[in-house]
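Residues annotated as active site, proton acceptor in TrEMBL: Glu55. Annotation comment: TrEMBL describes Lys155 as active site, proton donor. The active site, nucleophile feature in TrEMBL is assigned to Cys188. Among the features that TrEMBL reports, domain 'CN hydrolase' is placed at 15-282.
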Amino acid sequence: YTAAVYEHQAVLSPEPAAAVERRAALQLMGRNLDIYEQQVVAAARQGAQIIVFPEDGIHGFNFTRSSIYPYLDFLPHSHSGKWNPCKEPHLFNDTEVIQRLSCMALRNGIFVVANLGTKRPCGRAEPACPPDGRYQFNTDVVLGSSGALAAAYRKHNLYFEQAFDAPPQPDYAAFDTPFAGKFGMFTCFDMLFLEPAVKLVTEHKLKQIVYPTAWMNQLPLLAAVEFQQAFATAFNVNILAANIHHPTLGMTGSGIYTPVKSFIYHDMESFGGKLIVAEIPVIATDYKTNLEKAPGRVSEKGNEQSPPPFYAEMMYDNFTFVPVWGEKGELRVCANTLCCYLNYQRAVLTDEFYALGVFDGLHTVHGTYYVQACALVKCGGLSFSTCGQEVTEATALIDFQLWGNMSTPYIFPLLLTSGITLDFADHRGWKNNHYFMSKNRTSSGLLTAALYGRWYEKD
């Protein structure tokens, strides 16, 4: 099927904390919706059957709970499939944004996925009802090609979003399409958690995912395109990911991902939006996640002559590192219950410094979640203290086999190359209770090769 994602540079309110009338809010959102409309037309002309827009793309961000209120549409709870906002605009008040999205879908015969703020009044009878008597949700909506509301998803894992409530129970949102069967959806920070993202693909067996996001890149392990691809490969799914474009805030990185190929956009230099259109195969639901066996050996030992470890902060976590010196070698580094091993060979010795790092613990900055990571990274300079810094360029081509005795089955294989480009491992999977990843000759210089494990039970 042919899919489109649009990385949108939102028109933002100059004073998001200021109180405005609904009319002024609609005016600002209308400027973003005008751009959406152009992109829907452009995508449909290129044969796209579905288009995904980013999180916060219509209203922007940095609101307070009260200042965002005029920007919120009313969304009837569980009204999917029965309401066509474009054809029945007067069924509910305060639905101007959803109406416009619905008309875009209808006029162009395309599925439109967009993110907006929604509201729903609640009463004392509901124990979770906020004190001001209303729920405010960060919501994704899907408008089918006829304009009907096909599905809605309320973001569960909020990322410091004071303006919004998390729904009392996680939504498992899915919708049917004539071209690729069932799609699931979740938003931004959700991708790092079990509920609902991982359960949607493991228990509900959904193989196509739409993913609006407003992701701030954090190298070396959590650049948007790097983690989006890792999720697609880890769970053998297609992901249509639309990020917002604000380089000054570190926000860029969208793509259409299959488990074996990615069509990505990452640009921290230029301004303006970007439409990506790609044709991708439908993944059959009964396909088993491929945990192929390595041709190489996974030895328990690792070289006993590993250089002495050092410590450096990476991703706000205290990693234990060993330096990767010389043109080839075998290394081992451990922390808590996790040991990471690396066999490596460099094509040419460059004057770049690499290190193998391990972290097994609770990550506590910008969210709290348990991580088990084995990471081969290029350091920012030649000293130990530069390991963990954000690096975007590299020339070293390294053949490697990386493995670790992970305690969780949820491993995201990260493979990031120079200029924030992506590569795929030659082999990966489980062997002798270790998860491994191997690669001969990356397409360009290696920035990060990592096994990023999420131990959800210990969050």
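Each residue, glycine too, has its Cβ placed from N, Cα and C.
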Same-chain residues at least 6 apart in sequence whose Cβ lies under 8 Å from Lys155 (active site, proton donor): Glu55, Phe137, Asn138, Thr139, Asp140, Glu161, Phe164, Ala166, Phe186, Thr187, Cys188, Phe189, Asp190
Neighbour tally for Cys188 (active site, nucleophile), based on other Cβ positions within 10 Å of its Cβ: 26
Stretch-averaged pLDDT - the domain 'CN hydrolase' (15-282): 97
Around the Cβ of the residue listed as 'active site, proton acceptor', the count of other Cβ atoms that are within 10 Å: 26
